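Inspection log for the structure reproduced underneath, given as structure tokens.
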Amino acid sequence: MAPAVAGGSSRGAGCKCGFQVCVCSGSAAVASAGSSLEVERAMAVTPVEGQAAPVDGESWVGVELGPDGVETDESGAGVDDRPVFKTEKIKGVLLHPYRVLIFVRLIAFTLFVIWRISHKNPDTMWLWVTSICGEFWFGFSWLLDQLPKLNPINRIPDLAVLRQRFDRADGTSTLPGLDIFVTTADPIKEPILSTANSVLSILAADYPVDRNTCYISDDSGMLMTYEAMAESAKFATLWVPFCRKHGIEPRGPESYFELKSHPYMGRAHDEFVNDRRRVRKEYDDFKAKINSLETDIQQRNDLHNAAVPQNGDGIPRPTWMADGVQWQGTWVEPSANHRKGDHAGIVLVLIDHPSHDRLPGAPASADNALDFSGVDTRLPMLVYMSREKRPGHNHQKKAGAMNALTRASALLSNAPFILNLDCDHYINNSQALRAGICFMVGRDSDTVAFVQFPQRFEGVDPTDLYANHNRIFFDGTLRALDGMQGPIYVGTGCLFRRITVYGFDPPRINVGGPCFPALGGLFAKTKYEKPSMEMTMARANQAVVPAMAKGKHGFLPLPKKTYGKSDKFVDTIPRASHPSPYAAEGIRVVDSGAETLAEAVKVTGSAFEQKTGWGSELGWVYDTVTEDVVTGYRMHIKGWRSRYCSIYPHAFIGTAPINLTERLFQVLRWSTGSLEIFFSKNNPLFGSTYLHPLQRVAYINITTYPFTAIFLIFYTTVPALSFVTGHFIVQRPTTMFYVYLGIVLATLLIIAVLEVKWAGVTVFEWFRNGQFWMTASCSAYLAAVCQVLTKVIFRRDISFKLTSKLPAGDEKKDPYADLYVVRWTPLMITPIIIIFVNIIGSAVAFAKVLDGEWTHWLKVAGGVFFNFWVLFHLYPFAKGLLGKHGKTPVVVLVWWAFTFVITAVLYINIPHIHGGGGKHSVGHGMHHGKKFDGYYLWP
Ligand SMILES: O=c1ccn([C@@H]2O[C@H](COP(=O)(O)OP(=O)(O)O[C@H]3O[C@H](CO)[C@@H](O)[C@H](O)[C@H]3O)[C@@H](O)[C@H]2O)c(=O)[nH]1
Ligand SMILES: [Mn+2]
């Protein structure tokens, strides 16, 4: 097979797990991955104290800060010089061989291609030409994937230092404000209980409550979502103080109560057990309420609407809120102005701004069973929002929701930082928010646009059949990019700097990675300016940042009209980088009065963005099926940097589609989105020179990887067909050919082993990554290439559906039932063809040897081995295709063996194929009876 390939670690191909247990025990890891989540949670009792990400500690060594490495705090004054995060690089014993091998492989590969070009195959020129093109592409894409990994960096937040610098003795804190956006689009397809859990985990996270606001955006506009959030707000008054009192981890109740053991903080064990029993009972009630919401709302409506005639009379039957008011959004019985895609905007405050001072709870009493005396009972602000939807408007999916959230939140809380979580992701580590903030307030951090966390998933089958955990991508590629300009933005679990979202330039440019300042300086503009005195003073005084309009690389706001017609909103922009929502002690500069709420509804209106810069110059980027990568790209080309934050226990955990069809569709969407960027004005080849050179390479990689499909289809079919046709890619290999090939393959493996070592993943995951890479290439990537080319040529739009978070099988009996549900999609056609071609190819070869037609069985074995290599990669796919039968792996093998035997028997026994006049005697390469000396290239 194309020697350059090892399963690219692009986003689509890959696996996303990340369990400490895997990392420590190395080998037996994967089998226990499912249950290791339990272990992990049990270990989560003690909140992390700057605990390292789950990488192999032996592989990394601290980077020493130079004399300039003194930190300044948010006021710019060098108050405390201890850094809020530590930086590590890979130990020399790993790093040097790693880099040398990459170089060696590059040379060997070049020599290999030169050999191939100079050894023409006159028999079948088309094979020769196409295969060389393929090899060239594989080598090139390997390089694109490998080069940005030359300088991996590991950063570890130091929460103890953060605490000392920002938290005061009286329990208040000067940490910067943080707005958290949760996006949801359907209370059924995205189970509402899971969304409620995410919100509860956010409300209970460890962050100064008066500086933290949670926004839930509901693109369905349904009352059910709103009421589930109202219930959550109610339950939070118990859940949150309970978490604080006993140091509960994780703080999503569902995952907490699922734990087999319930460790506790502090000494009051009996009290803890009693409290937990109480809360558990309340949680069960809460769950029951959430689960009956649909019928409750229905019943309430029936009661209210009893007077209205029942059948098809065209009289609208409204949906009623609990307080007897008509719901503004989507009605249960949809009518004009009240259906999905056609309803008014809604902004409702469920929990208002908390007080600035602590609010200790009451001791246990008759109507209050839990003793919360001494526990702060304040809750962060919680806002429900559903933007206006109108027919004929393109609402731009998640990107549109995020932009609406950005504007509404500016009016209500205007925090300088924004964290986005998809509705199925909850906070698994209560310190996650603080950990992310470390990278925003540390040394040089004012040029950091966003902090991307790895995406971790639960509910993935223990062997991670379709590489859902994507660990090679997260722990390898994204971490490595931290050593360049920073990780690519890949969606949920990302913390943003608000002014970056507003399209501002960074205060200065310093994109050269610590290891390649020279290289960075050579190709990229690495102008370094110390923050001006004015800016420093402004921050120190906690006043409006006056430097915003200044300087080429100072904050450069876009023209006012770019932001839309809301003076109130535009007025918030100068304070957008202000760390505190308080002007003077205790006086909030933002309010949630009726006027502000009305303005918030206005700025989320569907016409608001017309003739503004939203979706192009600022905010999340529009007109693409994946808004994430391109939004981050537009920040990087301005010279902003990003950071990767991988903490342990995992910061956030979500759900992943373990069903083959769902997974293929997800990857189809991602790869289509990637190609769209390539064919747009955001093609990374033309991005500004502020882009770090190797960062550019990484972007070229992530916007071109689906093209691999074209070449891989060739390489997974033609060699197998060679056994039938007798035309081979390489006719007479020489010793040097084998030497080059050997080096190319050996270095591939050693590089992988080193990479797996520093990334802290397992070799098994590396194989899974490769397997899914091939499956995706033959199906989703190929479809993506076709789709995008159609879009580019015929200007046809591409539509996509939500990734399902609903388990399709019976969850009670088997948590992974969804894995075995087969839903047919045309995406499956190519991998099926490839499987058959490879089985048939090797069967024919086998038959030819048996038959005495070919005598060099050893040479044939090489080719057959390659066919098996392809089959090995497509094995998970075949397993999934068999559905329930695939549960027994033998079935796959039996199915394959059966096809093999049938083909071989048929070949030997049917003279029509076997004898002269068959296909294989047509070419000049090999004739019946002629000694087999053509040899298929790839062992
Ligand atoms: O009209 C819409 C459609 C989607 N969403 C939300 O967008 C998020 C992501 O959608 P999902 O279908 O779950 O996509 P995934 O493939 O699971 O998500 C990954 O890929 C997306 C880009 O394709 C990123 O936006 C996500 O953050 C990333 O986790 C979910 O919270 C949705 O509720 C909306 O708010 N409005
Ligand atoms: Mn999702």
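Any Cβ shown, glycine's included, is placed from N, Cα and C.
Lifted from TrEMBL, the feature list:
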ACT_SITE  ASP219  active site
ACT_SITE  ASP628  active site
BINDING   LYS189, GLU190, ASP219, LYS397  UDP-alpha-D-glucose binding site
BINDING   LYS398, ASP422  Mn(2+) binding site
TRANSMEM  98-118  transmembrane segment
TRANSMEM  125-144  transmembrane segment
TRANSMEM  705-730  transmembrane segment
TRANSMEM  737-760  transmembrane segment
TRANSMEM  772-794  transmembrane segment
TRANSMEM  827-850  transmembrane segment
TRANSMEM  856-878  transmembrane segment
TRANSMEM  890-910  transmembrane segment
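For LYS397 (UDP-alpha-D-glucose binding site) paired with ASP628 (active site), the C-alpha to C-alpha distance reads 12 Å. In the three-state DSSP assignment, the secondary structure recorded for ASP422 (Mn(2+) binding site) is strand. Sequence-distant contacts of the transmembrane segment (827-850) (same chain, at least 6 residues past either end, Cβ-Cβ under 8 Å): 660-661, 664-665, 668, 713, 716-717, 719-724, 775, 778-780, 782-783, 857, 860, 863-864, 867-868, 870-871, 874, 877-878, 881, 896, 899-905, 907-908, 932. Here ASP422 (Mn(2+) binding site) is compared against the recorded positions LYS189, GLU190, ASP219, ASP628, and the shortest C-alpha distance is to GLU190. On the backbone, the CA of LYS189 (UDP-alpha-D-glucose binding site) and the CA of LYS398 (Mn(2+) binding site) stand 15 Å apart. Checking the recorded positions ASP219, LYS397, LYS398, ASP422, ASP628 against ligand 2, the ones with a C-beta less than 6 Å from an atom of that molecule are ASP422. Listed recorded positions near ASP219 (active site): LYS398 (candidates GLU190, LYS398, ASP628; Cα-Cα distance within 10 Å). The UDP-alpha-D-glucose site in the record is lined by LYS189, GLU190, ASP219, LYS397, and its two most distant CA atoms lie 15 Å apart.
Among the listed stretches 98-118, 772-794, 856-878, the one sharing the most Cβ pairs under 8 Å with the transmembrane segment (705-730) is 772-794. When the binding-site residues LYS189, LYS397, LYS398 are compared by the number of other C-beta atoms lying within 10 angstroms of their own C-beta, LYS189 comes out lowest.
A distance of 14 Å separates the Cα atom of GLU190 (UDP-alpha-D-glucose binding site) from that of LYS398 (Mn(2+) binding site).
Of the chain residues outside the UDP-alpha-D-glucose site list LYS189, GLU190, ASP219, LYS397, THR183, THR184, ALA185, ASP186, SER220, CYS423, LEU802 have their Cβ within 8 Å of the site's Cβ mean position.
The Cβ of ASP628 (active site) lies under 8 Å from the Cβ of TYR489, VAL490, GLY491, CYS494, GLY673, each of which sits 6+ residues away along the same chain. Sequence-distant contacts of the transmembrane segment (772-794) (same chain, at least 6 residues past either end, Cβ-Cβ under 8 Å): 7-8, 12-15, 466-467, 664-665, 667-668, 671-672, 674-676, 678-679, 705-710, 712-713, 716, 826-828, 830-831, 834, 870, 873-874, 876-877. Cβ neighbour count for ASP219 (active site): 24 (other Cβ atoms within 10 Å of its Cβ, all protein chains included). Reduced to three states, the DSSP call for ASP628 (active site) is helix.
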